[in-house]
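Report on one structure; see the data block that follows.
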Amino acid sequence: MEFSVKSGSPEKQRSACIVVGVFEPRRLSPIAEQLDKISDGYISALLRRGELEGKPGQTLLLHHVPNVLSERILLIGCGKERELDERQYKQVIQKTINTLNDTGSMEAVCFLTELHVKGRNNYWKVRQAVETAKETLYSFDQLKTNKSEPRRPLRKMVFNVPTRRELTSGERAIQHGQAIAAGIKAAKDLGNMPPNICNAAYLASQARQLADSYSKNVITRVIGEQQMKELGMHSYLAVGQGSQNESLMSVIEYKGNASEDARPIVLVGKGLTFDSGGISIKPSEGMDEMKYDMCGAAAVYGVMRMVAELQLPINVIGVLAGCENMPGGRAYRPGDVLTTMSGQTVEVLNTDAEGRLVLCDVLTYVERFEPEAVIDVATLTGACVIALGHHITGLMTNHNPLAHELIAASEQSGDRAWRLPLGDEYQEQLESNFADMANIGGRPGGAITAGCFLSRFTRKYNWAHLDIAGTAWRSGKAKGATGRPVALLAQFLLNRAGFNGEE
């Protein structure tokens, strides 16, 4: 779908459809009031007759309104004006896109971006409208042979901004929104792909294709098991021993700043393309969803695509830690003691706590890049789901300024995170009689002890950990990958690059 931005009066628009808001109870938005005045009270008369209350989700399509050049006007219920927040705004946009498609509109001029959303500027409203529109239209049907094509005639959406001064920020918002939406789609597509197709080799092929598409400043290197062995990544290798699919680590390097002292930001994504639990095997119910255990790597891939598309003037490295955790004659066992790349030893008490065993070696590997910061993204613990549910990502870090940056980016993007503690007292739960540490610390504070485990491998740089176990995918009727936290990380990198969304 094509997006553009303009500034103009609603009555002068020659379009198939104009979209304006109506508040509860039967209150016209400022733009709707202009149209009502031009049409000699036509719209307000309809509202007085009870045609539309303005409740969220309500719609009313008007044809050939007097003195209005556009063929149709779509009135969208926005709820109570003072209660219009970010979440409600996105729901209004979603309802708009679905209604326009259902009613056969091929193009529309949308004035909803002029609604007042507390604390949000026009850049934010336009960008979120683009991202929400793309999200609304997303479907994953690549593997279906009998595809039912939904009715989607809408091809062009024009967002109106109040004055010409905001056109530049509006155009930038569309550019950013489309790049972020494409990154989210890429992450969702990878996450939704079945594990018999999406293994570590498939992740590597996607990483190579990204380098081919943006060859000017993207390089991809794939590190196989033999190289991992030479590097001493025995913990990473142990997790994949039971699988016939080779473990592969894909390193995507984007260089947007040629300065010698420009240190990279490193993103590390857990890429367990299927996690059976290994010898500590999971229950069969819901095990199919363990294809989503690579959503951290999928998110990193999506972010790298966004960075390359926007040609951000920073250096970013994305690592996709591809692996598969399966039971078998060669699988690692509870009781094994592994020597990590850092030289520290780990007693395996549960083979289903495997993500941290992969990540710890990758976190050691990335020291060679002398990073400005390292952020790992992982569907790491069920404990984080218990703590925060399915709405907010867990954040842990060894660096307060980095925490503040990420929390701010999560608020800006609407892809929210919440900081969990990382106190020394939790480290005691990882003590082992037979190694430097155990790979689990018991049930209490399980998300935090997992973060504590990783923190032991991140002492040489500023580091943050995002536990997306509760936010990476949805179950039930709307089952599928969410693409989170692509939006959060994209905003973080946009801020680092100087594009903080201020007008």
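Just so you know, glycine gets a Cβ as well, placed from its N, Cα and C.
There are 29 other Cβ atoms within 10 Å of the Cβ belonging to Glu354 (Mn(2+) 2 binding site). In three-state terms derived from DSSP, Glu354 (Mn(2+) 2 binding site) belongs to neither a helical nor a strand segment and is classed as coil. The Mn(2+) 2 binding site annotation in Swiss-Prot covers Lys270, Asp275, Asp293, Glu354.
All protein chains considered, the CB of Asp352 (Mn(2+) 1 binding site) has 19 other CB atoms within 10 Å. The Mn(2+) 1 binding site annotation in Swiss-Prot covers Asp275, Asp352, Glu354.
Just so you know, the Cβ of Lys282 (active site) picks up 15 other Cβ atoms within 10 Å once every protein chain is counted. Annotation source Swiss-Prot lists active site at Lys282 (among others).
Taken from Swiss-Prot, the feature active site applies to Arg356 (among others), supported by sequence analysis.
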Residues flanking the Mn(2+) 1 site, with Cβ no more than 8 Å from the Cβ centroid of Asp275, Asp352, Glu354 and excluding those residues themselves: Val239, Leu272, Ser276, Gly277, Gly278, Ser280, Lys282, Met290, Asp293, Asn325, Thr351, Ala353, Gly355
Residues close to Mn(2+) 2 site centre defined by Lys270, Asp275, Asp293, Glu354, Cβ within 8 Å: Val239, Leu272, Met290, Met294, Cys323, Asn325, Gly355, Val358, Ala378, Thr379
Tertiary neighbours of Asp275 (Mn(2+) 2 binding site) (same chain, Cβ under 8 Å, six or more apart): Lys282, Met290, Asp293, Glu324, Asn325, Asp352, Glu354, Gly355
Local backbone state of Lys270 (Mn(2+) 2 binding site), from DSSP in three classes: strand
Sparsest-packed among the recorded positions, when each Cβ's other Cβ atoms within 10 Å are tallied, from Lys270, Arg356: Arg356
Secondary-structure category, per DSSP, in which Lys282 (active site) falls: coil
